[in-house]
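Following: one structure in structure tokens, then a few remarks.
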Amino acid sequence: MKILLTRKHTEDGNYISEIKEADEYTIIHEPIASIDLMERASRAFVNNFIQHFSTAYKKIFVLAGLGDNGGDGLAIARMLYALGYEVEIYVVNYSNKQSANFLINLERLKNKITSQWVENTTELPNFDDNTLVIDAILGAGLSRPLDGLIKSVAEKLNASKAEIVAVDIPTGLFADSLNAKDDVVINAHYTITFQAPKLAFVLPQNADIVGEWIVVDIGLHEKFIEQIAAKYLYTDSQTVKAIIKPRKKFANKGNFGHALMMAGSYGMIGAAVLSTRACLRSGVGKVTVYAPKCGYEILQTSIPEAMCLPNESVDSLEKLPELEAYQAVGIGCGIGTEPETVALVEELLKNIKVPIVIDADALNIIAADKKRLKLLPENAILTPHPKEFQRLIGTNWENDYEKLKILSVFAADYKCIVCLKGAFTAIALPDGTIHFNSTGNAGMAKGGSGDVLTGMILALLAQGYAPQEAAILGVYEHGLAGDRAAQIKSPTSMIASDIIENIKF
Ligand SMILES: NC(=O)C1=CN([C@@H]2O[C@H](COP(=O)(O)OP(=O)(O)OC[C@H]3O[C@@H](n4cnc5c(N)ncnc54)[C@H](OP(=O)(O)O)[C@@H]3O)[C@@H](O)[C@H]2O)[C@@H](O)CC1
Ligand SMILES: Nc1ncnc2c1ncn2[C@@H]1O[C@H](COP(=O)(O)OP(=O)(O)O)[C@@H](O)[C@H]1O
Ligand SMILES: [K+]
């Protein structure tokens, strides 16, 4: 799914709104009247809303602005009222400019619900913990930080105990550009957004502003969306369906590749076990794990399906084995940073001729001497968590937008694929695009989860998936397995082994 921007910079130094353009294209080419598109958007909001909040639930205050977001708010209020919800409307009267669709929806309220016009926060009702506020003050049309009346309303709301549900975007939040630190933004608990995710929603710095969020389809014209060259994408089930190759009936294990997992050191053989087992659960034909001698019996006993190739050293990985037999190589999980392992990583990078996934200490080894970055083979997949990525670039970022810029430049400069892990893992490709993952949960924030991912991506590489497909698909399925594990064990109690047990391609 593409992430549509509200402020996409154009070559002449201005910016356009892809959302507005998609809106206008739909109005002309579907065709549909603008007010009917608003009705459709509001209906989509309501359909989702009623699944979460029953009529018995709390009193609903709709806070409406004067633009199209406010128009949505009025239409939503009318629809919820018709469904039996107890609704009150407060129009935040911050300007004398009202959109045409706002005015039509105001007219449509007549003889149904009255609206109260607010020019001062003292005219607002009491937002106690028994109220639900629908924030329809400003949406994608935000052009500057909040001030004056809207700012005071936002402050009052944020200080209250009311549950806040935002229409499209929480008021005051820029959809895809940076808010200043002291900007006041309504902190929503739940956001129902139209047509496409907004970039701001997948960035950790906005987590407490957007709350839980969901995209509802409002039927903007597919032909228009297809031709948008999106820089940011959001991996959903449709994306993944287009990537996955079915296993053919007469297939044999030779069709699914032989993977080499180089992992483990004394005290860290668990990382080798987890990554290798995850690799096996992800469709690979055969796996050999190259590990220090201390891991031999553990690996042979705990994963009988894998072959184990012990190296000479007892405690740590050293010396490059023959690579000819393998279709893909994974390195890094639990390998430590002993000098002989450092030498091994360098040797591997100089000699590798098949796709590779690089994780954990292998990344730290590369980061320790930046000249090693030049050894990265084209399309290598790197799977750093934020700390490891900071080590690779040798600096920190000021905010998440800057982080994305650095990430994108890094992937382009080194022609590699970087999976920057976390909630909404960001996968940067050499072509400059960034693909955010939609699956996963905080139960995965535990030691070993990353090892599982490395094994899964390795399996996909060995099966012949193109590296960018292996990264996008692997990260998605890893998160999905984590979501299944969380369902069964709960986010708090699940462990990395539960992720493996719930891998299901
Ligand atoms: N295609 C879609 O996705 C569809 C979208 N729809 C809905 O439309 C919404 C976008 O509507 P919109 O363009 O009218 O913008 P909205 O956010 O209501 O505000 C605009 C007004 O606010 C003003 N203003 C801006 N910043 C301000 C500030 N800080 N303080 C004060 N004023 C400020 C701005 O003034 P100006 O910048 O021109 O001075 C302008 O007058 C979108 O979020 C969705 O809900 C659906 O109905 C249908 C399909
Ligand atoms: N809050 C979260 N939401 C979704 N996924 C998460 C969250 N926290 C961590 N993860 C996922 O769990 C994995 C953790 O990997 P990593 O930090 O390398 O752990 P480790 O090195 O301990 O195995 C990553 O794939 C990451 O995307
Ligand atoms: K809003």
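Glycine is no exception: its Cβ is also placed from the backbone N, Cα and C atoms.
Record check, TrEMBL: AMP site residues include LYS421, GLY422, ALA423, PHE424, THR425, and the candidate from GLY394, GLY448, GLY450, GLY455 also listed there is GLY450. Going by what TrEMBL states, the K(+) site holds ASN69, THR171, and the candidate of ASP36, ASP135, ASP147, ASP183 recorded there is ASP135. Taking all protein chains in view, 25 other C-beta atoms sit within 10 angstroms of the C-beta of GLY450 (AMP binding site).
Ligand 2 lies under 6 Å from the Cβ of ALA423, GLY450, out of the binding-site residues ASP68, SER143, THR171, ALA423, GLY450. Neighbour density for SER143 ((6S)-NADPHX binding site): within 10 A of its CB lie 8 other CB atoms from the protein chains shown. Summary of the AMP site environment: with the site residues LYS421, GLY422, ALA423, PHE424, THR425, GLY450 set aside, the chain residues having Cβ atoms within 8 Å of the Cβ mean position are HIS385, CYS419, LEU420, ALA426, ASN437, GLY440, VAL475. In sequence order, the binding-site residues near ALA140 ((6S)-NADPHX binding site) (Cα within 10 Å of its Cα) are THR171, drawn from THR171, LYS421, ALA423, PHE424, THR425, GLY450. For the binding-site residues HIS385, LYS421, the largest tally of other C-beta atoms within 10 A is found at LYS421. Set side by side, the binding-site residues ALA140, ALA423 differ in how many other CB atoms lie within 10 angstroms of their CB, and the most is found at ALA140. When the binding-site residues ASN69, THR171, LYS421, GLY422, PHE424 are screened for a Cα within 10 A of the Cα of HIS385 ((6S)-NADPHX binding site), the ones that qualify are LYS421, GLY422.
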